[in-house]
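According to Swiss-Prot, the protein carries these features:
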- Ser101: active site, nucleophile (ACT_SITE)
- His126: active site (ACT_SITE)
Amino acid sequence: MPIGVPKVPFRLPGEPSAQWVDLYNRLYRERVLFLCQELDDELANQLIGIMLYLNAEEQNKGLYIYINSPGGSVTCGIAVYDAMNYIKSEVTTICVGTAASMASFILAGGDRGKRIALPHSRIMVHQPEGGSQGQASEVLSESQEVMRIRRQVGRIYSERTGQTLSRVSRDMDRDQFLSAREAKEYGLVDQVAVDTKWSTN
């Protein structure tokens, strides 16, 4: 049985008493965003709108995007990536479970030094997919667009990771799963978060 979105108390500045707001709205006020489902037009527009609003409100404060997503629409992923790099606020991306497909693209798109994977998270990269139906000319046009997008995504992965374009293209040919540590070595993230409760150091 679904429990819905939990409500938490929050007192607005200047208000005498707290009011109950849903958890996500409360966290938005702390500049914390979530990509925790398949990325589609609605979610992409919501993330972009929140980023633009928070950037306009306070450019000197960073944003935090927590990611646990199977990916989703390529064009939506590119739109979110572009918005992250358009705003002035620093963007920290944090993988808290799985960042697959376009979710790994967004993870890699965080500001340098601020791309984090939790110790047991996993990251997957692969080539953009496209499914075409219709007349031959339409199928050809669609396949050309998919190839153009694949080159674009590969080039951005290469820039963000420091890997050569040829290696990125080769790695994108099939689903490539990486542990948090492997993702750091590859350059998709800058750090693996430390397990503070059980660390012996």
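Along the chain as shown, residues are numbered 1 onward.
For all residues, glycine too, the Cβ spot is worked out from N, Cα and C.
Counting other CB atoms no more than 10 Å from each candidate's CB, the active-site residues Ser101, His126 peak at Ser101. The two recorded residues His126 (active site) and Ser101 (active site, nucleophile) have their Cα atoms spaced 6 Å from each other.
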